[in-house]
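Here is what TrEMBL says about this protein:
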DOMAIN    25-97  domain 'OmpR/PhoB-type'
DOMAIN    105-247  domain 'Bacterial transcriptional activator'
Amino acid sequence: MTSPRSAPPALHLRTLGDAQVTVNGQPLTWPARSAEELLWYLHAHPDGAYRADLLADLWGLDDGPAAANRFRVALHRLRTALGRSDAVAEVRGRYLLHPELLAASDTAILQGGMEAAARAKDDAEREEALRRALSCVDGEYLPHVRAEWVEEARLYWRSLRVRAYVALSTLHCLRRECPLAVQALGQAVGADPYIGEDHHQRLMTCLAQTRGRFEAVEHYRRYRRFLRDEVGDTPMPDTVLLAERLKAGELLCREAEEAEQQRRAPLLSALRGPEVH
């Protein structure tokens with residue numbers, strides 16, 4: 001009798017704020033840097049990549065015999081380290097991670113939570129899904145990688161977590177849970193200061209309500225410096241006017257001044273977002 005086929009090891013891939021692989025709960029020790037680089041490259045390209053592109057992006061190599069051999073060695077080491085001969089497949093010339101590896105990563109939790117939030121039947125279910133999506137987020141996607149090939153994926157996952165924070169903030173705002181709304185919106189702005197100026201305006205009004213006008217005006221000043229130094233621009237006139245009103249001591253709540261349907265627009269917009277990656 002043949003022995004039953006053993007189950008593959010339990011793998012988990014962390015990419016948001018850190019880059020780590022655990023095998024059966026233990027951190028993986030990489031046999032070679034090239035194997036780890038190959039894993040993260042393929043994770044950032046879930047639709048797969050041609051060998052020539054991979055060699056050029058990762059190691060600056062042309063697709064010749066020596067480079068092809070280096071790739072084969074890295075691929076063998078990656079499969080061996082993960083304990084799965086099927087960890088990477090070749091489909092019509094493109095190399096792809098096994099779907100189970102993508103599903104075992106924190107990005108799958110973020111993506112799945114956002115999709116569940118968009119399908120939610122009520123706000124309680126939506127909040128639960130958003131918190132589940134954000135439970136895996138500790139920072140930028142593959143923060144240790146400094147290369148052009150990661151930028152598209154990094155931008156996508158940053159955008160997704162910002163949308164989650166904005167949607168969560170809007171839910172709290174609808175329920176007048178101002179401190180929680182400020183916390184979530186502040187995380188969105190911190191993750192991407194290039195977020196729309198309307199979100200900075202909303203954060204200013206929320207800060208004035210919860211922490212006082214000085215915090216609200218200080219955020220405005222930081223935002224003004226950011227626009228000057230990073231963008232070469234200035235705040236919009238209505239943002240300047242809002243800052244002056246808050247500085248004068250007015251307590252404004254933009255959400256309270258809008259109708260229910262209008263107030264839900266930022267939430268629905270955040271949940272729709274771009275097409276699934």
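Backbone N, Cα and C atoms are what each Cβ position is placed from, and that goes for glycine too.
Just so you know, TrEMBL annotations are computer predictions that nobody has curated.
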Could you please provide the mean pLDDT value for the domain 'OmpR/PhoB-type' (25-97)?
96
Counting each residue once, how many in the domain 'OmpR/PhoB-type' (25-97) are helix, strand and coil under DSSP?
39 helix, 12 strand, 22 coil
